[in-house]
């Protein structure tokens, strides 16, 4: 038993999962299950805050690694003899790896805990990424490099699972959105930092250009190792009390793997949220893969300037996704779950319309760089806010299979990006500008099924609740969470 702070103790349950026993600590700050009722990023002595910062920094490193290749693609092309189609194939490989990794990460979090799953995944991906960077010598090696980097984004599921477990429902939307939003800035950081790091390796260290990109890749590898070790060194998984059981545990016993999986896969709301997320976060993945090349080709910008312009999209995550989480929690205070659902539909529809406009502006005969960037930033704000709004709903779907539901929803982002890439960005049927507009139209249509999501005790967009708060003892998983507890 290790003392951490006043009236706070670290306890190990029989099955080896760690949680905090708060005793009388923090009245009004934590609920009766030990979950934080508000997000205080500057309260660094609080274990909830420490976990929050570790979670987003670990995922930041994963996003940096996953999007490290596109900004230095011009330098990698001659070294690996890449054809134009190879970049698209590698992007699909990265997204496919993200899909596979996130599907696997959900049950892993439910059975092992998000902290262990996240730390191990970061270290494994760091090793695999370093090996891929060293041995890649052909287009196939480049595809393998992007695939390995894409696997690291499985940590998004662990990030959201961890936040959903240690923050109470009144703050979970904000906590999920801020942790994911700040982490997503890693993709923007890669757009800016990787070209600068590459130039430093070539100009200051005198490394040959054919080797310089491999040396540059040591940076994301080092970030993954550092954050992975930090997460594993952190001493606890969950807060104490009733919610402090090991993930996937109902009551005091651990559920079987298949029981956990069935709980999430059998809930239609998880599938609909995955579809919706596939066309908000999926749009973000597409834009972050094509934006730098779009600006280089359409506006004839140098590598560094194109990377900076493309970084504007990812940088909006610092404020837009948290804003979505804040909006989700605020509308829930006034309108309950119906408010969360309406807000998601409205914001994502606006982002889809702006995506259509980005493509139309880029297709103009004399496009304005400033105007195109401005509309792209507005599109990013709404699309990323929609992602925050989506994960303001996820924790209420199925508490006992939270990791599976998170994994299914997060995987929907990768599936949406893969399908969109195959439909609109592969081959020569559409120009990049036309493909971006088609992406927006598809997103607009795929947002409509939000209207079908219904919670038995909270209702949906058009239908009221089908059970009263007092109930009759027939409790389903969404009853485990009250919207404002």
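Any Cβ shown, glycine's included, is placed from N, Cα and C.
Database features, via Swiss-Prot:
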type     : residues : note
TRANSMEM : 56-76    : transmembrane segment
TRANSMEM : 80-100   : transmembrane segment
TRANSMEM : 119-139  : transmembrane segment
TRANSMEM : 147-167  : transmembrane segment
TRANSMEM : 177-197  : transmembrane segment
TRANSMEM : 215-235  : transmembrane segment
TRANSMEM : 270-290  : transmembrane segment
TRANSMEM : 305-327  : transmembrane segment
TRANSMEM : 341-361  : transmembrane segment
TRANSMEM : 377-397  : transmembrane segment
TRANSMEM : 405-425  : transmembrane segment
TRANSMEM : 435-455  : transmembrane segment
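The largest share of C-beta pairs under 8 angstroms with the transmembrane segment (341-361) comes from 435-455, of the ranges 80-100, 147-167, 305-327, 435-455. Ranked by the number of CB pairs under 8 Å to the transmembrane segment (147-167), the listed stretches 80-100, 270-290, 305-327 are led by 80-100. As a quick check, the transmembrane segment (305-327) and the transmembrane segment (56-76) clear the bar of 3 or more Cβ pairs under 8 A, pairs 6 or more apart, so the two touch. Here the transmembrane segment (215-235) lies next to the transmembrane segment (56-76) in space: the count of CB pairs under 8 Å, restricted to residues six or more apart, reaches at least 3.
Within the chain carrying the transmembrane segment (270-290), a Cβ under 8 angstroms from the stretch's Cβ atoms is held by residues 67, 70, 91, 94-95, 98, 184, 187, 191, 264, 310, 313-314, 344, 348, 351-352, 355, 376, 379-380, 383-384, 386-387, 390, 393-394, 397-398, 404-405, 408-417, 419-421, 425, 432, 436, 439-440, 442-443, 446-447, 449-450, 452-453, all 6 or more beyond its ends. Of the Cβ pairs linking the transmembrane segment (177-197) with the transmembrane segment (56-76) and spaced 6 or more residues apart, 3 or more are under 8 Å, so the two regions touch. The listed stretches are 119-139, 405-425, 435-455; of these, 405-425 has the most Cβ pairs under 8 Å to the transmembrane segment (80-100).
Residues 269, 272-273, 275-276, 278-280, 282-283, 286-287, 290, 294, 337, 341, 344-345, 348-349, 351-360, 362-363, 393, 396, 416, 420, 423-425, 461-463, 465-466, 478 of the same chain lie 6+ residues outside the transmembrane segment (435-455) yet bring a C-beta within less than 8 angstroms of a C-beta in it.
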